[in-house]
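So the structure is just underneath, and the comments pick up after that.
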Amino acid sequence: MNLRELVSALNDFASPALAESWDNVGLLVEPSPPHTVNTLFLTNDLTEEVMEEAVQKKADLVLSYHPPIFTPLKRVTWKTWKERLVVRALENRIGIYSPHTAYDAIPHGVNNWLTKGLGPCTSVPLHPSTAPSSPAEGTHHVEFCADAEQLDAVLSRIKDIPEISCLTTLPARVEGEEQTRVSLNCSQKALLEVVALLSQNSLLYHKTEILLLQKPLLPHTGMGRLCTLREPVSLSAIIEHVKGHLQLPHVRVAVGAGRTLESPVKKAALCAGSGSSVLKGTEADLYLTGEMSHHDVLDAVANGISVILCEHSNTERGFLSELRDALAVHLQNKINIIVSEKDRDPLQVA
């Protein structure tokens, strides 16, 4: 497949618009076009060892769940390992694409895969995603009526305000008088200027309606998951389920205040990777994530919530084999898709 065609298909699989605003997702390194992709190489982390594997296996595009370029690079030299990744990629005509939190949000993504470690359950996002393109523009909708004497002057000044969109005018009859109804969409910043302008004329201001444009929530899409188990299960049994699902010999456990390893778990909140900010404040019997700060664990335990920590990438990496199969179907088996054998969590139990 042509690289740009493949990137478009990957974006259809998980829209980059679903990623968190702080994230860096999409095509990060692009070899000079045209670039054909015969082999897509999947990894959780793109380290130098993994890049060497990608070169040896003649990959044309690396899909790295974590973005190897996150903070801006001021230069591309051989000095630091992340700069060397870019150099190696371009020298070997390998593109780099990262989906990261877009894969956390989608219904068929990392967090849904992680729920399988709990056993039979139903789940909903902890922080639902909103439709990225609805409404198309603006955060607020403003309508007001003006007579012929006011209209031209008001419209002239409104058109000078940045971040105004969907400006329309329609004839209207107000209290028996012929007037013009003006409608527009605007940003929060522009709204302040629009209101300041209209408030200079009390007749205009009192005829003004302002609506907050709410974007609809996307079903089954968003950050984290709140899971309700089909039947209550003891914490010790959940620990064994999680270890089996993630293929780990050990996990770290903090038992909530007033609970024991045999206490039943009915509701579990989870978040792949680093879960503190997503899980914080959620009422549940259990938090399952890769890593949390010491003080956030203490807060959870004090509130009677047990915590299972598996190390950051251990809660993500196992998804890659499921992703390989899903992408094969999505891409109609047009390219070879392989999963890294060198990719691993940097932390070990010694």
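Glycine is treated like the rest: Cβ placed from N, Cα and C.
Here's what TrEMBL has on this protein:
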- His66, Asp104, His312, Glu316: divalent metal cation binding site (BINDING)
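Minimal Cβ crowding within 10 Å, among the binding-site residues Asp104, Glu316, is found at Glu316. It is His312 that, of the binding-site residues His66, His312, has its Cβ surrounded by the most other Cβ atoms within 10 Å.
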